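What Swiss-Prot annotates here:
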type	residues	note
BINDING	7-14, 20-21, Arg59, 86-89, Lys97, 113-114, 182-183	substrate binding site
ACT_SITE	His8	active site, tele-phosphohistidine intermediate
ACT_SITE	Glu86	active site, proton donor/acceptor
SITE	His181	site 'Transition state stabilizer'
Amino acid sequence: MQLVFIRHGLSEWNALNLFTGWRDVNLSEKGVEEAKEAGRKLKAAGFEFDIAFTSVLTRAIKTCNLVLEESDQLWVPQIKTWRLNERHYGGLQGLNKAEAAAEHGDEQVRIWRRSYDVLPPVLDPKDPNSAHNDRRYAHLPADVVPDCENLKVTLDRVLPFWEDQIAPAIKAGKRVLVAAHGNSLRALAKHIEGISDEDIMGLEIPTGQPLVYELDDNLKVLSKRYL
């Protein structure tokens, strides 16, 4: 069984070196090209999909659409869920990473970005840019909408969707594409690959590169490769 992950193409804020998180930022021109090229690679390699899963953030949705369009599969059903959103970077969202490092120190910012269980500063729920003020999350209980997350909390958010939707689809023989974000995909990778809390700090998933997993019947990883 195969599973394909793709992190969204380079976003406008990736290009500006800003913390993005749940802020809804568009793809950059380079990101659009990355997504299109990913679709062409998948088509050339003969990949066909039965279902696609993505987040409710524009950069991932557009990446999913472009990948499917370039591989002549735009008709494939898509399920969008907040559970595949990027990790919520709390009060860091919108800040320049270099400026944050200058203010808080390189090591503190590295820990905020890469550690498994250290939380970043909390974003005030009353902030105009808080997800509490975004109608795409209006159906969620207020205590479910995050104000900041680490990777552990992100995994706790993503895992129920993996178990309820993605894993059953794979076990049913469906060919699955997951177009999401660096940290939601890192969380899923940690789970399916059995990566330790320490080693996950070193895992980087590049933008716009299809990551192909070969899985056994129990969804254990047999191999992984980038196209």
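For all residues, glycine too, the Cβ spot is worked out from N, Cα and C.
Note that the structure is predicted; figures quoted are calculated from it, not measured.
Feature map: Swiss-Prot annotations on the structure.
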residue	record	Cβ contacts under 8 Å, 6 or more apart
Arg7	substrate binding site	Thr63, Ala180, His181, Gly182, Leu185, Ile205, Pro206, Thr207, Gly208, Gln209
His8	active site, tele-phosphohistidine intermediate	Leu27, Gly31, Ala35, Leu57, Arg59, Ala60, Lys62, Thr63, Ala179, Ala180, His181, Thr207, Gly208
Leu10	substrate binding site	Leu27, Ser28, Lys30, Gly31, Glu34, Thr207, Gly208
Trp13	substrate binding site	Phe19, Thr20, Arg23, Val25
Gly21	substrate binding site	Glu86, Arg87, His88, Tyr89, Gly90, Leu92, Gln93
Lys97	substrate binding site	Asn17, Leu18, Phe19, Val109, Arg113
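Summarising the environment of His181 (site 'Transition state stabilizer'), the number of other Cβ atoms within 10 Å of its Cβ, over all protein chains shown, is 27. When secondary structure is read from DSSP and collapsed to three states, Arg7 (substrate binding site) falls in the strand class.
Annotation note: Trp13 (substrate binding site) sits in a helical segment as assigned by DSSP.
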